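*Asks:* Below you'll find the structure I mean.
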Amino acid sequence: MDIPVNAAKPGRRRYLTLVMIFITVVICYVDRANLAVASAHIQEEFGITKAEMGYVFSAFAWLYTLCQIPGGWFLDRVGSRVTYFIAIFGWSVATLFQGFATGLMSLIGLRAITGIFEAPAFPTNNRMVTSWFPEHERASAVGFYTSGQFVGLAFLTPLLIWIQEMLSWHWVFIVTGGIGIIWSLIWFKVYQPPRLTKGISKAELDYIRDGGGLVDGDAPVKKEARQPLTAKDWKLVFHRKLIGVYLGQFAVASTLWFFLTWFPNYLTQEKGITALKAGFMTTVPFLAAFVGVLLSGWVADLLVRKGFSLGFARKTPIICGLLISTCIMGANYTNDPMMIMCLMALAFFGNGFASITWSLVSSLAPMRLIGLTGGVFNFAGGLGGITVPLVVGYLAQGYGFAPALVYISAVALIGALSYILLVGDVKRVG
(Lines of atoms letter the chains of each structure in order from A and count residues from 1; the text may use other names and numbers.)
(Lines give C-alpha, C1' and ligand atoms only; values in the text may rest on other atoms or scores of the structure.)
Protein backbone atom coordinates (compact mmCIF):
# COMPACT_ATOMS: atom_id res chain seq x y z
CA MET A 1 0.00 0.00 0.00
CA ASP A 2 1.11 3.58 -0.45
CA ILE A 3 2.38 5.28 2.67
CA PRO A 4 0.99 8.79 3.00
CA VAL A 5 3.44 11.65 2.93
CA ASN A 6 2.45 14.95 4.55
CA ALA A 7 4.13 18.27 4.16
CA ALA A 8 4.03 18.82 7.91
CA LYS A 9 5.80 16.44 10.26
CA PRO A 10 3.06 14.26 11.77
CA GLY A 11 4.22 14.24 15.40
CA ARG A 12 4.45 11.36 17.87
CA ARG A 13 1.56 11.80 20.31
CA ARG A 14 0.21 8.38 19.32
CA TYR A 15 3.22 6.71 20.92
CA LEU A 16 2.23 7.99 24.36
CA THR A 17 -1.08 6.18 23.92
CA LEU A 18 0.82 3.04 22.92
CA VAL A 19 2.97 3.22 26.07
CA MET A 20 -0.22 3.55 28.14
CA ILE A 21 -1.64 0.42 26.49
CA PHE A 22 1.64 -1.42 27.14
CA ILE A 23 1.59 -0.52 30.85
CA THR A 24 -2.02 -1.66 31.09
CA VAL A 25 -1.17 -5.03 29.49
CA VAL A 26 1.69 -5.53 31.96
CA ILE A 27 -0.66 -4.83 34.89
CA CYS A 28 -3.31 -7.08 33.33
CA TYR A 29 -0.99 -10.08 33.05
CA VAL A 30 0.67 -9.57 36.43
CA ASP A 31 -2.82 -9.73 37.94
CA ARG A 32 -3.32 -13.05 36.14
CA ALA A 33 0.01 -14.50 37.25
CA ASN A 34 -0.06 -13.43 40.90
CA LEU A 35 -2.26 -16.37 41.92
CA ALA A 36 0.28 -18.86 40.55
CA VAL A 37 2.97 -17.18 42.66
CA ALA A 38 0.90 -17.35 45.84
CA SER A 39 -0.89 -20.67 45.28
CA ALA A 40 1.37 -22.88 47.43
CA HIS A 41 1.09 -20.57 50.45
CA ILE A 42 -2.67 -20.21 49.93
CA GLN A 43 -3.10 -23.99 49.86
CA GLU A 44 -1.11 -24.33 53.06
CA GLU A 45 -2.96 -21.57 54.94
CA PHE A 46 -6.49 -22.58 53.92
CA GLY A 47 -5.95 -26.34 53.61
CA ILE A 48 -6.95 -26.30 49.94
CA THR A 49 -6.23 -29.43 47.89
CA LYS A 50 -4.69 -29.37 44.42
CA ALA A 51 -8.05 -30.30 42.89
CA GLU A 52 -9.74 -27.43 44.72
CA MET A 53 -6.95 -25.08 43.65
CA GLY A 54 -7.75 -26.09 40.10
CA TYR A 55 -11.23 -24.61 40.54
CA VAL A 56 -9.66 -21.37 41.76
CA PHE A 57 -7.40 -21.22 38.70
CA SER A 58 -10.21 -21.98 36.24
CA ALA A 59 -12.68 -19.46 37.73
CA PHE A 60 -10.86 -16.63 35.94
CA ALA A 61 -10.80 -18.33 32.53
CA TRP A 62 -14.46 -19.34 32.50
CA LEU A 63 -15.85 -15.89 33.32
CA TYR A 64 -13.20 -14.14 31.23
CA THR A 65 -14.28 -16.15 28.21
CA LEU A 66 -18.02 -15.86 28.77
CA CYS A 67 -17.79 -12.07 29.06
CA GLN A 68 -15.83 -11.49 25.86
CA ILE A 69 -18.82 -10.84 23.62
CA PRO A 70 -20.75 -8.70 26.16
CA GLY A 71 -17.51 -6.81 26.81
CA GLY A 72 -17.07 -6.12 23.10
CA TRP A 73 -20.67 -4.93 22.83
CA PHE A 74 -20.16 -2.59 25.81
CA LEU A 75 -16.96 -1.25 24.23
CA ASP A 76 -18.78 -0.42 21.00
CA ARG A 77 -21.33 1.56 23.00
CA VAL A 78 -19.20 3.66 25.37
CA GLY A 79 -15.72 3.73 23.79
CA SER A 80 -12.25 2.86 25.09
CA ARG A 81 -11.80 5.56 27.73
CA VAL A 82 -14.77 4.58 29.90
CA THR A 83 -14.51 0.85 29.18
CA TYR A 84 -10.87 0.63 30.22
CA PHE A 85 -11.36 2.78 33.31
CA ILE A 86 -14.17 0.53 34.54
CA ALA A 87 -12.23 -2.61 33.59
CA ILE A 88 -8.90 -1.67 35.20
CA PHE A 89 -10.55 -0.31 38.34
CA GLY A 90 -12.83 -3.35 38.64
CA TRP A 91 -10.21 -6.07 38.22
CA SER A 92 -7.76 -4.19 40.44
CA VAL A 93 -10.26 -3.91 43.31
CA ALA A 94 -11.04 -7.63 42.95
CA THR A 95 -7.29 -8.37 42.94
CA LEU A 96 -6.68 -6.29 46.06
CA PHE A 97 -9.53 -8.04 47.91
CA GLN A 98 -7.92 -11.41 47.12
CA GLY A 99 -5.30 -10.42 49.68
CA PHE A 100 -8.08 -10.52 52.29
CA ALA A 101 -9.70 -13.77 51.11
CA THR A 102 -10.91 -16.08 53.88
CA GLY A 103 -11.09 -19.39 52.05
CA LEU A 104 -11.86 -21.37 48.93
CA MET A 105 -15.19 -19.83 47.94
CA SER A 106 -14.08 -16.22 48.40
CA LEU A 107 -11.03 -16.88 46.22
CA ILE A 108 -13.16 -18.47 43.50
CA GLY A 109 -15.60 -15.56 43.57
CA LEU A 110 -12.89 -12.90 43.45
CA ARG A 111 -10.99 -14.64 40.63
CA ALA A 112 -14.25 -14.86 38.68
CA ILE A 113 -14.83 -11.13 39.17
CA THR A 114 -11.26 -10.47 38.00
CA GLY A 115 -12.00 -12.44 34.82
CA ILE A 116 -15.21 -10.49 34.19
CA PHE A 117 -13.46 -7.13 34.35
CA GLU A 118 -10.40 -8.23 32.34
CA ALA A 119 -12.61 -9.49 29.51
CA PRO A 120 -12.75 -6.19 27.53
CA ALA A 121 -9.00 -5.54 27.82
CA PHE A 122 -7.67 -6.80 24.49
CA PRO A 123 -10.70 -5.77 22.41
CA THR A 124 -10.13 -2.29 23.85
CA ASN A 125 -6.43 -2.43 22.94
CA ASN A 126 -7.35 -3.38 19.39
CA ARG A 127 -9.88 -0.58 19.08
CA MET A 128 -7.39 2.03 20.29
CA VAL A 129 -4.60 0.89 17.98
CA THR A 130 -7.05 0.91 15.07
CA SER A 131 -7.93 4.52 15.91
CA TRP A 132 -4.44 5.77 16.71
CA PHE A 133 -2.19 4.13 14.10
CA PRO A 134 -2.12 4.00 10.30
CA GLU A 135 -2.17 0.56 8.70
CA HIS A 136 1.56 0.47 7.97
CA GLU A 137 2.44 1.02 11.67
CA ARG A 138 -0.28 -1.09 13.23
CA ALA A 139 1.47 -4.47 13.37
CA SER A 140 4.44 -2.96 15.21
CA ALA A 141 2.04 -1.25 17.63
CA VAL A 142 0.20 -4.52 18.31
CA GLY A 143 3.52 -6.33 18.72
CA PHE A 144 4.74 -3.74 21.20
CA TYR A 145 1.73 -3.81 23.50
CA THR A 146 1.38 -7.60 23.23
CA SER A 147 4.96 -7.95 24.45
CA GLY A 148 3.71 -6.53 27.75
CA GLN A 149 2.21 -9.90 28.65
CA PHE A 150 5.62 -11.56 28.40
CA VAL A 151 7.32 -8.72 30.28
CA GLY A 152 4.88 -9.19 33.13
CA LEU A 153 5.43 -12.94 33.24
CA ALA A 154 9.18 -13.11 32.61
CA PHE A 155 10.47 -10.11 34.53
CA LEU A 156 7.97 -9.24 37.27
CA THR A 157 7.17 -12.71 38.62
CA PRO A 158 10.48 -12.77 40.58
CA LEU A 159 9.48 -9.43 42.14
CA LEU A 160 6.16 -10.90 43.27
CA ILE A 161 8.01 -13.87 44.79
CA TRP A 162 10.29 -11.46 46.66
CA ILE A 163 7.28 -9.51 48.01
CA GLN A 164 5.74 -12.78 49.18
CA GLU A 165 8.89 -13.92 50.95
CA MET A 166 9.55 -10.53 52.56
CA LEU A 167 5.94 -9.91 53.66
CA SER A 168 3.31 -12.57 52.93
CA TRP A 169 1.22 -13.90 50.08
CA HIS A 170 -1.52 -11.42 50.98
CA TRP A 171 0.72 -8.52 49.95
CA VAL A 172 1.19 -9.95 46.45
CA PHE A 173 -2.46 -9.13 45.79
CA ILE A 174 -2.59 -5.94 47.83
CA VAL A 175 0.38 -4.42 45.99
CA THR A 176 -0.66 -5.47 42.48
CA GLY A 177 -4.28 -4.48 43.07
CA GLY A 178 -3.29 -1.13 44.56
CA ILE A 179 -1.06 -0.30 41.60
CA GLY A 180 -3.92 -1.11 39.23
CA ILE A 181 -6.36 1.16 41.08
CA ILE A 182 -3.91 4.06 40.86
CA TRP A 183 -3.31 3.36 37.17
CA SER A 184 -7.06 3.33 36.41
CA LEU A 185 -7.34 6.88 37.76
CA ILE A 186 -4.33 8.00 35.71
CA TRP A 187 -5.87 6.37 32.65
CA PHE A 188 -9.20 8.15 33.04
CA LYS A 189 -7.45 11.47 33.57
CA VAL A 190 -5.02 11.24 30.64
CA TYR A 191 -6.63 9.20 27.87
CA GLN A 192 -8.95 10.66 25.23
CA PRO A 193 -9.86 9.55 21.68
CA PRO A 194 -7.56 11.01 18.99
CA ARG A 195 -9.65 14.05 18.04
CA LEU A 196 -10.23 15.01 21.69
CA THR A 197 -6.60 14.60 22.74
CA LYS A 198 -4.75 17.74 23.73
CA GLY A 199 -1.38 18.17 22.10
CA ILE A 200 -2.07 16.15 18.97
CA SER A 201 -1.44 18.09 15.77
CA LYS A 202 -3.67 18.25 12.73
CA ALA A 203 -0.74 16.86 10.75
CA GLU A 204 -0.66 13.75 12.94
CA LEU A 205 -4.43 13.28 12.72
CA ASP A 206 -4.22 13.56 8.94
CA TYR A 207 -1.28 11.15 8.88
CA ILE A 208 -3.23 8.55 10.88
CA ARG A 209 -6.44 9.01 8.87
CA ASP A 210 -4.74 9.01 5.46
CA GLY A 211 -2.90 5.83 6.44
CA GLY A 212 -6.12 3.97 7.21
CA GLY A 213 -6.47 4.79 10.90
CA LEU A 214 -10.04 5.28 12.15
CA VAL A 215 -9.44 8.53 14.02
CA ASP A 216 -13.15 8.81 14.83
CA GLY A 217 -13.54 5.12 15.64
CA ASP A 218 -12.74 5.34 19.36
CA ALA A 219 -15.39 7.84 20.37
CA PRO A 220 -18.42 6.55 22.28
CA VAL A 221 -21.54 6.11 20.20
CA LYS A 222 -24.20 8.72 20.95
CA LYS A 223 -27.34 7.22 22.41
CA GLU A 224 -29.52 8.31 19.51
CA ALA A 225 -27.04 6.80 17.01
CA ARG A 226 -26.84 3.37 18.65
CA GLN A 227 -28.25 0.57 16.54
CA PRO A 228 -29.44 -2.82 17.77
CA LEU A 229 -27.53 -5.87 16.59
CA THR A 230 -29.15 -7.59 13.63
CA ALA A 231 -28.85 -11.02 12.04
CA LYS A 232 -26.80 -9.37 9.29
CA ASP A 233 -24.37 -8.02 11.89
CA TRP A 234 -23.84 -11.50 13.35
CA LYS A 235 -23.36 -12.90 9.85
CA LEU A 236 -20.60 -10.37 9.26
CA VAL A 237 -18.95 -11.13 12.61
CA PHE A 238 -18.86 -14.83 11.64
CA HIS A 239 -17.69 -14.25 8.07
CA ARG A 240 -15.36 -16.94 6.69
CA LYS A 241 -12.34 -14.64 6.92
CA LEU A 242 -13.02 -13.87 10.57
CA ILE A 243 -13.66 -17.54 11.42
CA GLY A 244 -10.16 -18.24 10.10
CA VAL A 245 -8.76 -15.56 12.42
CA TYR A 246 -10.75 -16.96 15.36
CA LEU A 247 -9.34 -20.46 14.77
CA GLY A 248 -5.86 -18.99 14.57
CA GLN A 249 -6.35 -17.23 17.89
CA PHE A 250 -7.53 -20.47 19.51
CA ALA A 251 -4.28 -22.05 18.32
CA VAL A 252 -2.09 -19.19 19.57
CA ALA A 253 -3.85 -19.19 22.95
CA SER A 254 -3.54 -22.97 23.29
CA THR A 255 0.25 -22.87 23.15
CA LEU A 256 0.33 -19.86 25.50
CA TRP A 257 -1.83 -21.56 28.12
CA PHE A 258 0.29 -24.71 28.04
CA PHE A 259 3.23 -22.60 29.16
CA LEU A 260 1.12 -20.71 31.71
CA THR A 261 -0.20 -23.88 33.35
CA TRP A 262 1.51 -27.22 32.67
CA PHE A 263 5.05 -26.36 31.58
CA PRO A 264 6.67 -26.42 35.07
CA ASN A 265 4.96 -29.74 35.88
CA TYR A 266 6.08 -31.15 32.54
CA LEU A 267 9.71 -30.36 33.35
CA THR A 268 9.68 -31.79 36.87
CA GLN A 269 7.29 -34.74 36.50
CA GLU A 270 7.82 -35.90 32.91
CA LYS A 271 11.51 -35.08 32.45
CA GLY A 272 12.70 -35.37 36.06
CA ILE A 273 14.33 -31.93 36.14
CA THR A 274 14.90 -30.44 39.58
CA ALA A 275 12.63 -27.62 40.74
CA LEU A 276 15.50 -25.11 40.87
CA LYS A 277 16.64 -25.90 37.35
CA ALA A 278 13.04 -25.94 36.12
CA GLY A 279 12.58 -22.44 37.54
CA PHE A 280 15.38 -21.16 35.33
CA MET A 281 14.15 -23.10 32.32
CA THR A 282 10.64 -21.64 32.56
CA THR A 283 12.06 -18.12 32.22
CA VAL A 284 13.90 -18.76 28.94
CA PRO A 285 10.81 -19.51 26.77
CA PHE A 286 9.08 -16.34 28.00
CA LEU A 287 12.11 -14.29 27.02
CA ALA A 288 12.09 -16.00 23.62
CA ALA A 289 8.39 -15.18 23.19
CA PHE A 290 9.09 -11.57 24.17
CA VAL A 291 11.68 -11.34 21.37
CA GLY A 292 9.31 -13.09 18.97
CA VAL A 293 6.40 -10.73 19.44
CA LEU A 294 8.57 -7.62 19.04
CA LEU A 295 10.26 -9.05 15.95
CA SER A 296 6.97 -10.06 14.31
CA GLY A 297 5.51 -6.56 14.40
CA TRP A 298 8.72 -5.11 13.00
CA VAL A 299 8.85 -7.71 10.20
CA ALA A 300 5.19 -7.18 9.28
CA ASP A 301 5.52 -3.41 8.98
CA LEU A 302 8.85 -3.76 7.16
CA LEU A 303 7.16 -5.94 4.53
CA VAL A 304 4.49 -3.27 4.04
CA ARG A 305 7.16 -0.59 3.59
CA LYS A 306 8.92 -2.83 1.06
CA GLY A 307 5.78 -2.89 -1.07
CA PHE A 308 4.23 -6.23 -0.13
CA SER A 309 0.47 -6.37 0.31
CA LEU A 310 -1.02 -5.78 3.75
CA GLY A 311 -2.42 -9.30 3.82
CA PHE A 312 0.91 -10.93 3.00
CA ALA A 313 2.76 -8.77 5.52
CA ARG A 314 0.34 -9.50 8.38
CA LYS A 315 -0.30 -13.17 7.69
CA THR A 316 3.29 -14.25 7.04
CA PRO A 317 4.56 -13.83 10.65
CA ILE A 318 1.40 -15.46 12.02
CA ILE A 319 1.58 -18.49 9.74
CA CYS A 320 5.34 -18.88 10.22
CA GLY A 321 5.00 -18.49 13.98
CA LEU A 322 2.29 -21.14 14.25
CA LEU A 323 4.33 -23.54 12.12
CA ILE A 324 7.39 -22.92 14.31
CA SER A 325 5.26 -23.66 17.39
CA THR A 326 4.67 -27.21 16.14
CA CYS A 327 8.28 -28.04 17.04
CA ILE A 328 7.15 -28.39 20.66
CA MET A 329 6.47 -32.07 20.01
CA GLY A 330 10.19 -32.53 19.31
CA ALA A 331 10.70 -32.59 23.09
CA ASN A 332 9.10 -36.05 23.04
CA TYR A 333 12.28 -37.42 21.48
CA THR A 334 14.93 -36.18 23.92
CA ASN A 335 15.67 -36.17 27.64
CA ASP A 336 18.55 -33.71 27.41
CA PRO A 337 17.58 -30.62 29.48
CA MET A 338 19.40 -28.21 27.17
CA MET A 339 17.71 -29.61 24.07
CA ILE A 340 14.31 -29.54 25.79
CA MET A 341 14.84 -25.90 26.78
CA CYS A 342 15.87 -24.99 23.21
CA LEU A 343 12.84 -26.71 21.68
CA MET A 344 10.45 -25.13 24.17
CA ALA A 345 12.04 -21.70 23.68
CA LEU A 346 11.78 -22.08 19.90
CA ALA A 347 8.12 -23.14 20.16
CA PHE A 348 7.27 -20.21 22.42
CA PHE A 349 9.25 -17.85 20.20
CA GLY A 350 6.97 -19.01 17.39
CA ASN A 351 3.96 -18.34 19.59
CA GLY A 352 5.19 -14.81 20.22
CA PHE A 353 5.94 -14.35 16.52
CA ALA A 354 2.32 -15.30 15.76
CA SER A 355 0.85 -13.03 18.42
CA ILE A 356 0.12 -10.05 16.16
CA THR A 357 -3.20 -11.68 15.25
CA TRP A 358 -4.95 -8.61 16.69
CA SER A 359 -3.57 -6.54 13.81
CA LEU A 360 -5.72 -8.54 11.39
CA VAL A 361 -8.83 -8.12 13.50
CA SER A 362 -8.48 -4.35 13.17
CA SER A 363 -8.14 -4.68 9.38
CA LEU A 364 -10.94 -7.22 8.81
CA ALA A 365 -13.64 -6.32 11.35
CA PRO A 366 -16.73 -4.40 10.19
CA MET A 367 -16.14 -0.76 11.15
CA ARG A 368 -19.23 -0.52 13.38
CA LEU A 369 -18.53 -3.87 15.03
CA ILE A 370 -14.83 -3.71 15.90
CA GLY A 371 -15.47 -4.16 19.62
CA LEU A 372 -17.88 -7.07 19.13
CA THR A 373 -15.55 -8.74 16.63
CA GLY A 374 -12.68 -8.33 19.08
CA GLY A 375 -14.85 -9.90 21.77
CA VAL A 376 -15.56 -12.98 19.64
CA PHE A 377 -11.86 -13.16 18.73
CA ASN A 378 -10.82 -13.07 22.38
CA PHE A 379 -13.60 -15.56 23.21
CA ALA A 380 -11.88 -18.00 20.86
CA GLY A 381 -8.62 -17.40 22.69
CA GLY A 382 -10.38 -17.89 26.01
CA LEU A 383 -11.61 -21.28 24.85
CA GLY A 384 -7.98 -22.23 24.40
CA GLY A 385 -7.36 -21.16 27.99
CA ILE A 386 -10.19 -23.39 29.18
CA THR A 387 -9.55 -26.49 27.07
CA VAL A 388 -5.76 -26.78 27.22
CA PRO A 389 -5.46 -27.25 31.01
CA LEU A 390 -8.20 -29.90 30.86
CA VAL A 391 -7.05 -31.76 27.73
CA VAL A 392 -3.37 -31.74 28.68
CA GLY A 393 -4.23 -32.80 32.24
CA TYR A 394 -6.33 -35.71 31.01
CA LEU A 395 -3.75 -36.88 28.48
CA ALA A 396 -0.85 -36.49 30.91
CA GLN A 397 -2.66 -38.43 33.62
CA GLY A 398 -3.60 -41.32 31.35
CA TYR A 399 -0.79 -41.46 28.83
CA GLY A 400 1.98 -39.07 29.86
CA PHE A 401 2.86 -35.71 28.36
CA ALA A 402 3.94 -37.02 24.93
CA PRO A 403 0.42 -37.07 23.39
CA ALA A 404 -0.29 -33.73 25.09
CA LEU A 405 2.57 -32.12 23.16
CA VAL A 406 1.28 -33.73 19.97
CA TYR A 407 -2.10 -32.11 20.69
CA ILE A 408 -0.51 -28.66 21.10
CA SER A 409 1.40 -29.15 17.83
CA ALA A 410 -1.72 -30.29 15.97
CA VAL A 411 -3.72 -27.28 17.14
CA ALA A 412 -0.91 -24.94 16.03
CA LEU A 413 -0.88 -26.60 12.60
CA ILE A 414 -4.67 -26.20 12.29
CA GLY A 415 -4.27 -22.53 13.18
CA ALA A 416 -1.70 -22.01 10.42
CA LEU A 417 -3.94 -23.77 7.89
CA SER A 418 -6.90 -21.59 8.89
CA TYR A 419 -4.94 -18.49 7.86
CA ILE A 420 -3.87 -20.09 4.59
CA LEU A 421 -7.25 -21.53 3.58
CA LEU A 422 -9.91 -19.33 5.22
CA VAL A 423 -8.63 -15.79 5.70
CA GLY A 424 -7.55 -15.11 2.12
CA ASP A 425 -7.20 -11.47 1.06
CA VAL A 426 -7.15 -8.98 3.91
CA LYS A 427 -10.12 -6.72 3.19
CA ARG A 428 -12.55 -5.23 5.68
CA VAL A 429 -15.69 -7.37 5.98
CA GLY A 430 -18.94 -5.60 5.22
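Yeah, the Cβs are placed from backbone N, Cα and C, and that goes for glycine too.
Just lifted these from Swiss-Prot, have a look:
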TOPO_DOM  1-17  topological domain 'Cytoplasmic'
TRANSMEM  18-39  transmembrane segment
BINDING   Tyr29, Arg32, Tyr64, Trp358  D-galactonate binding site
SITE      Asp31  site 'Important for transport activity'
TOPO_DOM  40-50  topological domain 'Periplasmic'
TRANSMEM  51-74  transmembrane segment
TOPO_DOM  75-81  topological domain 'Cytoplasmic'
TRANSMEM  82-100  transmembrane segment
TRANSMEM  104-125  transmembrane segment
SITE      Glu118  site 'Important for transport activity'
TOPO_DOM  126-141  topological domain 'Cytoplasmic'
TRANSMEM  142-164  transmembrane segment
TOPO_DOM  165-168  topological domain 'Periplasmic'
TRANSMEM  169-190  transmembrane segment
TOPO_DOM  191-241  topological domain 'Cytoplasmic'
TRANSMEM  242-267  transmembrane segment
TOPO_DOM  268-276  topological domain 'Periplasmic'
TRANSMEM  277-297  transmembrane segment
TOPO_DOM  298-314  topological domain 'Cytoplasmic'
TRANSMEM  315-333  transmembrane segment
TRANSMEM  337-354  transmembrane segment
TOPO_DOM  355-373  topological domain 'Cytoplasmic'
TRANSMEM  374-395  transmembrane segment
TOPO_DOM  396-400  topological domain 'Periplasmic'
TRANSMEM  401-423  transmembrane segment
TOPO_DOM  424-430  topological domain 'Cytoplasmic'
*Asks:* With Cβ-Cβ distances below 8 Å as the criterion, list the same-chain residues six or more beyond the ends of the transmembrane segment (104-125) that contact it, or say none.
*Replies:* 21, 24-25, 28, 31-32, 35, 42, 46, 48, 52, 55-57, 59-65, 67-68, 70-72, 74-75, 80, 83-84, 86-91, 94-95, 97-98, 142, 145, 358, 370-371, 374-375, 377-378
*Asks:* Suppose I define contact as three or more CB-CB distances under 8 A, residues 6 or more apart in sequence; do the transmembrane segment (315-333) and the transmembrane segment (169-190) meet it?
*Replies:* no
*Asks:* At a threshold of under 8 Å on Cβ distances, which of 142-164, 169-190, 242-267, 337-354, 401-423 pairs most often with the transmembrane segment (374-395)?
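*Replies:* Answer, by Cβ pair count: 242-267.
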*Asks:* Please identify, among the recorded positions Tyr64, Glu118, Trp358, the one with the smallest Cα-Cα distance to Asp31 (site 'Important for transport activity').
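*Replies:* Among Tyr64, Glu118, Trp358, Glu118.
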*Asks:* Compute the C-alpha separation of Glu118 (site 'Important for transport activity') from Tyr64 (D-galactonate binding site), stating it in Å without decimals.
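*Replies:* Rounded to the nearest whole number, the Cα-Cα distance is 7 Å.
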*Asks:* In DSSP terms, helix, strand or coil for Tyr64 (D-galactonate binding site)?
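*Replies:* For Tyr64 (D-galactonate binding site) - judged by DSSP and reduced to three states - the answer is helix.
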*Asks:* Summarise the topological domain 'Periplasmic' (396-400) by DSSP state, stating how many residues are helix, strand and coil.
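*Replies:* Its residues fall into 4 helix, 0 strand, 1 coil.
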*Asks:* For the topological domain 'Cytoplasmic' (298-314), give the DSSP counts of helix residues, strand residues and coil residues.
*Replies:* 13 helix, 0 strand, 4 coil
*Asks:* Tyr29 (D-galactonate binding site) has how many other Cβ neighbours within 10 Å of its own Cβ?
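*Replies:* Looking across every protein chain shown, the total is 21.
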*Asks:* Are the transmembrane segment (277-297) and the transmembrane segment (169-190) close enough that 3 or more Cβ pairs fall under 8 Å, when only pairs 6 or more apart in sequence count?
*Replies:* no
*Asks:* Taking contact to mean 3 or more CB pairs closer than 8 A (sequence separation of 6 or more), are the transmembrane segment (82-100) and the transmembrane segment (242-267) in contact?
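*Replies:* These two stretches do not touch.
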*Asks:* State the count of C-beta atoms found within 10 angstroms of the C-beta of Tyr64 (D-galactonate binding site), not counting that atom itself.
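*Replies:* Its Cβ shell of radius 10 Å holds 27 other Cβ atoms.
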*Asks:* Rounded to a whole number, what is the top Cα to Cα distance in Å among the residues the record ties to D-galactonate, namely Tyr29, Arg32, Tyr64, Trp358?
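*Replies:* Max span of the D-galactonate binding residues, Cα based, is 20 Å.
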